[in-house]
Number of protein chains: 6
Amino acid sequence: MTTPTLTHLDEQGQAQMVDVGGKAATRRRAVAEAFVIAQPETIAAITGGTLKKGDALAVARIAGIMAAKKTSELIPLCHPIALTKVTVEIEPVRDTGTLHVVATAETVGQTGVEMEALTAASVAALTLYDMAKAIDRAMAVTDLRLVEKSGGKSGDYVRAP
Amino acid sequence: MTTPTLTHLDEQGQAQMVDVGGKAATRRRAVAEAFVIAQPETIAAITGGTLKKGDALAVARIAGIMAAKKTSELIPLCHPIALTKVTVEIEPVRDTGTLHVVATAETVGQTGVEMEALTAASVAALTLYDMAKAIDRAMAVTDLRLVEKSGGKSGDYVRAP
Amino acid sequence: MTTPTLTHLDEQGQAQMVDVGGKAATRRRAVAEAFVIAQPETIAAITGGTLKKGDALAVARIAGIMAAKKTSELIPLCHPIALTKVTVEIEPVRDTGTLHVVATAETVGQTGVEMEALTAASVAALTLYDMAKAIDRAMAVTDLRLVEKSGGKSGDYVRAP
Amino acid sequence: MTTPTLTHLDEQGQAQMVDVGGKAATRRRAVAEAFVIAQPETIAAITGGTLKKGDALAVARIAGIMAAKKTSELIPLCHPIALTKVTVEIEPVRDTGTLHVVATAETVGQTGVEMEALTAASVAALTLYDMAKAIDRAMAVTDLRLVEKSGGKSGDYVRAP
Amino acid sequence: MTTPTLTHLDEQGQAQMVDVGGKAATRRRAVAEAFVIAQPETIAAITGGTLKKGDALAVARIAGIMAAKKTSELIPLCHPIALTKVTVEIEPVRDTGTLHVVATAETVGQTGVEMEALTAASVAALTLYDMAKAIDRAMAVTDLRLVEKSGGKSGDYVRAP
Amino acid sequence: MTTPTLTHLDEQGQAQMVDVGGKAATRRRAVAEAFVIAQPETIAAITGGTLKKGDALAVARIAGIMAAKKTSELIPLCHPIALTKVTVEIEPVRDTGTLHVVATAETVGQTGVEMEALTAASVAALTLYDMAKAIDRAMAVTDLRLVEKSGGKSGDYVRAP
């Protein structure tokens with residue numbers, strides 16, 4: 001087995017922000033997801049139950065959208081990207097103590113937006129944790145991962161089910 | 001069952017940055033973890049195998065440390081905190097395609113540092129994803145969660161094994 | 001009439017971040033307000049009328065809270081401050097095409113939080129503008145001002161009615 | 001009367017960063033203004049009277065220019081924009097205790113720059129407040145609003161006098 | 001000769017943000033300097049000659065002050081610090097094509113402010129370069145260094161002349 | 001001798017972010033350098049001697065790369081730029097107590113990337129200072145300057161040897 005090499009390290013193993021200047025600017029899209037696992041009462045407190053709906057989900061969605069715009073400040077070797085669209089959806093998964101976070105990012109540019117979608121999903125999930133941690137410290141974020149991507153030379157990707 | 005209420009929402013369900021001005025400044029510490037699941041070759045490419053060691057782990061550790069300092073910019077209702085210490089450790093878990101990320105944050109202040117530790121762990125994990133995504137798009141981050149915390153009125157917490 | 005001098009300029013008229021190192025750390029609080037003037041239909045679209053309530057007010061509140069934390073990055077001579085509380089309230093003013101934004105900021109520190117409250121109010125107001133500008137470009141923000149402050153050596157202040 | 005809907009909320013009323021990926025990149029320009037109302041002595045202290053001119057106006061202009069570049073970090077649903085020009089002008093209005101702030105922003109891109117001009121004007125005005133607040137806490141910012149915009153599909157706009 | 005070890009690396013050579021939680025909060029001050037070497041005409045264009053004085057020096061001073069507040073975002077292992085004072089002075093050195101930049105930073109805290117003073121001096125110097133580069137690309141910044149520091153357990157330091 | 005005028009100031013000497021909206025988007029590249037002068041033992045501690053190599057150089061390289069992306073936040077009149085490549089190299093200069101930092105930045109855009117390369121070089125150098133300052137406070141950064149640039153209407157530049 002030959003160990004593959006990381007594109008973000010040069011031949012001496014030094015980190016670099018790789019050259020995308022010669023790549024075509026194409027329409028690119030990525031979808032990422034994460035799951036927040038919590039006690040059923042915590043899920044109810046976040047989603048507002050059947051009666052009144054507070055800001056909790058809105059706060060998490062907005063945190064995710066704003067975090068997507070900060071991706072290149074957080075991930076050292078990410079290129080700055082002019083995002084053309086970001087959405088974050090949060091839905092309880094029926095009959096489980098789980099919230100499903102789905103983040104979508106799009107751009108027209110020279111590099112993909114996987115990291116922007118993943119960053120949005122993770123910060124939205126952590127924001128839910130922050131708001132509920134006083135009642136449920138054992139909450140966890142799990143299966144933070146890319147769901148699909150399109151655009152760019154490396155081709156489309158859809159996670160195997 | 002009474003649904004508990006979120007401290008970060010007021011009685012109308014509106015988001016607020018809660019008052020910590022009356023809390024004592026005590027020494028606080030939190031440890032968070034995350035796991036990065038990948039193909040064995042990917043783990044080898046990141047950790048550098050047996051021969052030479054590149055910057056990959058250093059980049060991820062530094063990204064986590066710097067992200068901890070950005071927590072209050074990312075999590076909308078977090079208080080700004082003068083962190084006194086941050087460390088990020090990344091170790092392969094023997095015989096599995098898994099990297100274990102452990103982030104520790106400390107402060108002397110009026111509010112806890114759980115979110116700082118969690119943010120550091122998640123950004124370190126996503127940075128590993130970023131560097132290796134060209135060779136393994138299916139990598140996932142899982143079990144991002146609080147391991148323990150100490151300091152503050154709410155008492156110490158250690159995750160049940 | 002003697003022209004008073006600005007504390008933020010030295011004797012040569014050069015900008016400086018003034019020394020607060022000798023000031024006592026006391027509990028400080030400031031309240032600021034702003035009014036958003038718009039068409040009645042715009043107000044209805046923002047507040048959601050009687051039927052369903054969207055995220056618009058939540059987005060603006062959160063934008064204001066997050067902006068308060070960025071004040072020292074925006075206002076060149078402001079000191080960085082560890083805010084202990086921030087709230088933003090937005091209410092329609094009855095029988096007028098006006099939304100009233102009220103922002104409160106608190107800290108325990110060596111310098112006041114007026115700029116934090118004013119920044120929160122202005123960014124919350126501009127966020128409302130952003131969301132509604134496609135339907136009402138003529139909206140305006142007016143009477144952005146300090147309502148009251150307390151704490152610190154310069155004494156308390158309450159705006160004359 | 002049908003209440004118009006906000007483009008920044010989806011059909012469930014959830015905040016989103018709307019898709020501009022299909023819009024043409026055209027030259028776009030926006031001008032915004034704000035007025036700072038103060039005591040005549042305060043205006044004199046800021047503008048430097050007839051004798052010597054300090055940094056106060058320069059600080060406010062630069063704060064406005066730098067804030068324009070931060071707009072997408074402050075306004076949650078704003079797209080990041082590569083600004084090609086920003087200017088901020090501050091002039092006393094003759095015979096009144098008023099400073100007139102005018103900010104202009106330009107880009108070649110897929111979305112307008114109204115928010116950038118408004119953000120520049122508001123932060124320049126608040127920076128004037130910051131520097132003079134020790135001598136005049138009752139200063140207010142008023143009529144923060146769009147003066148004109150051009151470029152883009154929604155057509156040109158000039159505020160009615 | 002024993003090679004000394006870097007405090008910012010642990011025993012495995014891994015970067016860490018070192019623990020300052022046990023250090024006393026004392027008053028700390030640092031002064032740094034830098035020199036900008038340029039053609040005499042460039043110096044004249046920056047300082048405004050004998051007739052009128054533009055914003056150039058003010059822009060550079062403000063850039064330095066604002067950069068000091070960003071130090072912990074720029075220098076990975078720096079602790080966030082609540083600066084209590086920052087000043088930047090820029091003076092032409094008589095009979096040379098040189099501008100002397102002096103930055104002073106102060107805090108009351110657990111860690112020193114050398115990096116804040118150095119960051120302020122370097123960004124002020126680079127801002128001068130930016131404004132004059134169209135007329136003098138060969139400008140250089142030299143002797144960017146600590147002049148003195150006081151406060152903290154490591155004792156005072158004054159650069160040898 | 002006619003004093004040349006600074007492009008970044010208008011005819012009244014007021015700072016402005018100059019208009020680049022009419023310039024062509026071309027491929028642009030800049031290389032900057034800086035030297036860190038230190039005691040030989042300090043150089044050895046940073047570069048790791050002959051035995052084991054710690055993170056010090058990696059931390060400085062990454063700090064430089066991340067700082068390049070922050071240039072328009074630091075230098076007030078810089079345009080935001082979508083960097084397509086950034087690298088930072090750090091090498092000891094044989095037989096001297098000196099480290100040579102070389103930063104390269106590239107973009108496809110309407111304005112040059114000299115400031116991005118210079119910012120990367122200076123922050124990498126200051127990060128080395130930060131990590132080693134406890135053992136060698138007298139370290140200095142010198143000859144921070146542009147080495148070469150290409151692309152854009154003003155033509156190519158190579159520093160005279």
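Numbers run from 1 along the shown chain.
Using the three backbone atoms N, Cα and C, a Cβ is placed for every residue, glycine included.
Here is what TrEMBL records for this protein:
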DOMAIN    C:17-152  domain 'Molybdopterin cofactor biosynthesis C (MoaC)'
BINDING   C:LEU77, C:CYS78, C:HIS79, C:MET115, C:GLU116  substrate binding site
ACT_SITE  C:ASP130  active site
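Distribution of TrEMBL features across the structure.
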{"residue": "C:LEU77", "record": "substrate binding site", "Cβ contacts under 8 Å, 6 or more apart": "C:HIS8, C:ALA15, C:GLN16, C:MET17, C:VAL18"}
{"residue": "C:CYS78", "record": "substrate binding site", "Cβ contacts under 8 Å, 6 or more apart": "C:MET17, C:THR71, C:SER72, C:MET115"}
{"residue": "C:HIS79", "record": "substrate binding site", "Cβ contacts under 8 Å, 6 or more apart": "C:MET17, C:VAL20, C:SER72, C:GLN110, C:THR111"}
{"residue": "C:GLU116", "record": "substrate binding site", "Cβ contacts under 8 Å, 6 or more apart": "C:ALA30, C:ALA68, C:THR71, C:ILE81, C:LEU83, C:VAL86, C:ALA105, C:THR107"}
{"residue": "C:ASP130", "record": "active site", "Cβ contacts under 8 Å, 6 or more apart": "none"}
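Proximity to chain E (CB-CB distance below 8 Å) holds for C:HIS79 among the recorded positions C:HIS79, C:MET115, C:ASP130.
Using DSSP to sort the residues of the domain 'Molybdopterin cofactor biosynthesis C (MoaC)' (C:17-152) gives these counts of helix, strand and coil: 45 helix, 47 strand, 44 coil. Contacting chain D by the Cβ rule (under 8 Å between Cβ atoms), the binding-site residues C:CYS78, C:HIS79, C:GLU116 reduce to C:CYS78. Its Cβ placed at the centre, C:MET115 (substrate binding site) has 27 other Cβ atoms within 10 Å.
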